[in-house]
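Written below as structure tokens is the structure these notes are about.
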Ligand code: PHE
């Protein structure tokens, strides 16, 4: 086995973890899912889930990664629990699955950089999205995006990933912030803020009956699986990414502090994107929920068409989104690559290229027809992500247990009490919340028939 790399600096790890977390999940998916599944209600559930489930689950992944110093699959073996390898396998598989369509959306972003510069979408943003989001165009750009990802991962941890993410977060915050201020000045935006920011308390209810299986009803049944999984997706959990990144971290670093930074920054970027996209949808008279996967692209394109210097602003904006998407996609490919490199000692560039090719193939249906993209995405949200996070929590909480607390506290100034509290929360309420999410997700998948592929 070759010598394992580590992050050059402490900031390197945080930046890479934030780079993995902040991506299309925040800028593209969060606003459109929020406008589709309940506005402020979605926001509340998402924020509660990010802090209440995401944070403890992220700590669990960090512990597994740093203690084992290995990739997301071998980690379980190294910690002495071969039988739990499936959690790692599941995570790596989900990473594969998700990257396949993530890359298609990454291709759309590439397209929109060019489209902004030339003003190609200015005349009719909606039909422009329709014509570039599927078919041959989308396929070619999906390939280009995947090539970029492979090229960076091939370069290795320090040179490739660390460097690529350094400028991204500040630029995203600045550009989104400026856009949010501009949107605020538009007339017709205020119902958008109400929809996004003021929760209707009557919508925050869920009731259960047993006959003999639990059956849930109430407004939250639909919101929970999407909003909780949105938190997982957005925080890069359940895909081995945080396990893998933490495996390059030293024992002198506080995992607690780092995870809080990641959760807070990540949610902030999502909310900021929501503050831009959702009021814009209202300004443009788009009904909440009808924007779909194109919501970000169509609403922003319409805005850039009207802005002074819209071509430049648009191109810069989509360039930043591209960097965010790349730094997330890199971490997904890195998970699988690091497993193959660690286990078979194969050469990193070749491994990255072969895996990238396979992921490209898996993504071809999604590039061809957005109905496939939606299907891949729904399955990931309603089933795969909660299942995988459940596996991580069961392992860290119940199987690994006490040693996890020691590992968690190593390098931090927190006392034993904090570690033990984490352990007990992870073992109980957090696991129950994930079980509920999974149950509701499965209910919609099978009852609503979302499981049927769009053949
Ligand atoms: N968190 C990333 C986003 O929000 C997606 C991602 C998930 C990246 C899992 C890596 C691992 O876009």
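From the backbone N, Cα and C atoms, a Cβ is placed for every residue, glycine too.
Note that TrEMBL annotation is computational and uncurated.
What TrEMBL lists as transmembrane segment is 12-31 (among others). Listed by sequence, the residues of this chain that lie at least six past the ends of the transmembrane segment (12-31) yet keep a Cβ under 8 A from its Cβ atoms are 46, 102, 105-106, 109, 158, 161-162, 164-166, 168-169, 172, 176, 230, 233-236, 241-242, 245-246, 248-249, 253, 258, 261-262, 265-266, 269-270, 273-274, 276-278, 293, 295-296, 321, 324-325, 327-331.
Taken from TrEMBL, the feature transmembrane segment applies to 43-65 (among others).
According to TrEMBL, the feature transmembrane segment maps to 86-108 (among others).
Residues or ranges marked as transmembrane segment in TrEMBL: 128-155 (among others).
Per TrEMBL, the feature transmembrane segment maps to 167-189 (among others). A Cβ distance under 8 Å defines the sequence-distant neighbours of the transmembrane segment (167-189), meaning residues of its chain 6+ beyond its ends; these are 15, 18-19, 22, 27, 265, 268-269, 272-273, 275-276, 279-280, 282-283, 285, 303, 307, 316-317, 320-321, 323-324, 327.
Feature annotation from TrEMBL assigns transmembrane segment to 223-248 (among others). Beyond its flanks by at least six residues, the transmembrane segment (223-248) meets 4-7, 13, 16-17, 20-21, 23, 25-26, 29-30, 33, 36-38, 41-42, 45-46, 49-50, 53-54, 57-58, 61-66, 68-73, 75, 88, 91-92, 94-95, 98, 157, 203, 206, 255, 262-263, 266-267, 270, 328, 331-332, 334-335, 338, 380-382, 384-389, 392, 433-434, 436-438, 440-441, 444 of its own chain at Cβ-Cβ distances under 8 Å.
Long-range neighbours of the transmembrane segment (260-282) within the same chain, counting only residues 6 or more positions beyond its ends whose Cβ lies under 8 Å from a Cβ of the stretch, are 14, 17-18, 21-22, 25-27, 30-32, 34-35, 39, 43, 46-47, 50-51, 54-55, 58, 169, 172-173, 176-177, 179-180, 183-184, 186, 188-193, 195-196, 234-235, 288, 291, 295-296, 299-300, 302-303. Positions annotated as transmembrane segment by TrEMBL: 260-282 (among others).
The transmembrane segment annotation in TrEMBL covers 312-333 (among others).
Marked as transmembrane segment by TrEMBL: 353-376 (among others).
Residues or ranges marked as transmembrane segment by TrEMBL: 383-401 (among others). Tertiary neighbourhood of the transmembrane segment (383-401): same-chain residues 53, 56-57, 60-61, 63-64, 76, 79, 81, 84, 86-87, 90-91, 94, 97, 225, 228-229, 232-233, 237-239, 423, 426-427, 430-431, 434-435, 437-438, 441-442, 445, selected by CB-CB distance under 8 Å and a gap of 6+ residues from either end.
Per TrEMBL, transmembrane segment is recorded for 421-442 (among others).
With pairs at least 6 apart in sequence, the transmembrane segment (128-155) and the transmembrane segment (353-376) have 3 or more Cβ pairs within the 8 Å limit; the two touch. Across 43-65, 86-108, 128-155, 312-333, the stretch most heavily in contact with the transmembrane segment (421-442), judged by Cβ pairs under 8 Å, is 43-65. The stretch from 43-65, 86-108, 312-333 with the most CB pairs below 8 A to the transmembrane segment (128-155) is 86-108. Counting residues 6+ beyond its ends, the transmembrane segment (86-108) has Cβ neighbours under 8 Å at 23-24, 28, 71-76, 132-133, 138, 140-146, 149, 233, 238-241, 243, 293, 297, 322, 325-326, 328-329, 332-333, 335-336, 339, 355, 358-360, 362-363, 366-367, 372-373, 376-377, 379-380, 384-385, 387-388, 391-392, 395 in the same chain.
Proximity of distant same-chain residues to the transmembrane segment (312-333), defined by a Cβ-Cβ separation under 8 Å and at least 6 residues beyond the stretch ends, is recorded for 16, 19-28, 95-96, 98-99, 102-103, 105-106, 109-110, 112-113, 115-117, 145, 148-150, 152-153, 160-161, 164-165, 167-168, 171-172, 175, 179, 236, 239, 241, 244-245, 300-301, 304, 352, 355-356, 359.
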